């Protein structure tokens, strides 16, 4: 193995470990907190977490093996199953992010009618569509034998080995990425920009009220006035940062891989094998970032996983003290004997 391959293998191992830990923690929060389970977005986050966990335990280990051994890991049957899952899970996770953005758009732009427009039944229908949409492409690819081990990405994914099917495969790949990556990106941009517009409007209203209050309070201490102005600035930047994170991580993680797949079909620009694996690792990094972007950094999830940790520590502390007390009693009995 070259130094580049060692580095890439190490990166995949780190991504696997962090993704597994973070997504399991999200799942634990969902199971522990009744408030999270009651919320409609929780269904979308649960679906996204499910996709991320399956991707972590199925596709990523085979990519690691492909980097190390430089050949297809396992037999053709295993590779076909993993390639099918990889196509399905990637599409499903993209559409789940789009569904979360639609939920936020309805909640912010139509707050009074949110509970009537986004119920559990509506969320279940959206999830049903994402599953049907996501499973249709790998079914077509598997039926046409367009799933296999691709050396450029060291992974089991969409791959055509027959030159006579090249035109059909190019059309299929273009349609697939248009209706998965591009469609999800358009939905993300449309919904979150609408959310940002509403957030800025409310920030302006709050800023006007704040400035009027500061003008009326003549005797207010300068430090208090300065803190109010700093809070105004943070409030204006908060929504922009969040929305930039949602859209930015999606583009940064998926765009290099999608563009590489499309450029590869042109057969005009040669693609370095190391770049192919790097673009695949960037796509895998979305599995790592999703738990933090959509769940663990939110206050509700922070409180939940802190409660879980405190409960575990308290229980171990109680068990430890019980064992210590039992050991102490045994020692006393032995002395009395």
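Cβ from N, Cα, C; glycine included.
Feature annotation (TrEMBL): of 88-114, 169-195, the stretch labelled transmembrane segment is 169-195. Looking at 222-242, 243-263, 264-284, the range tied to transmembrane segment in TrEMBL is 243-263.
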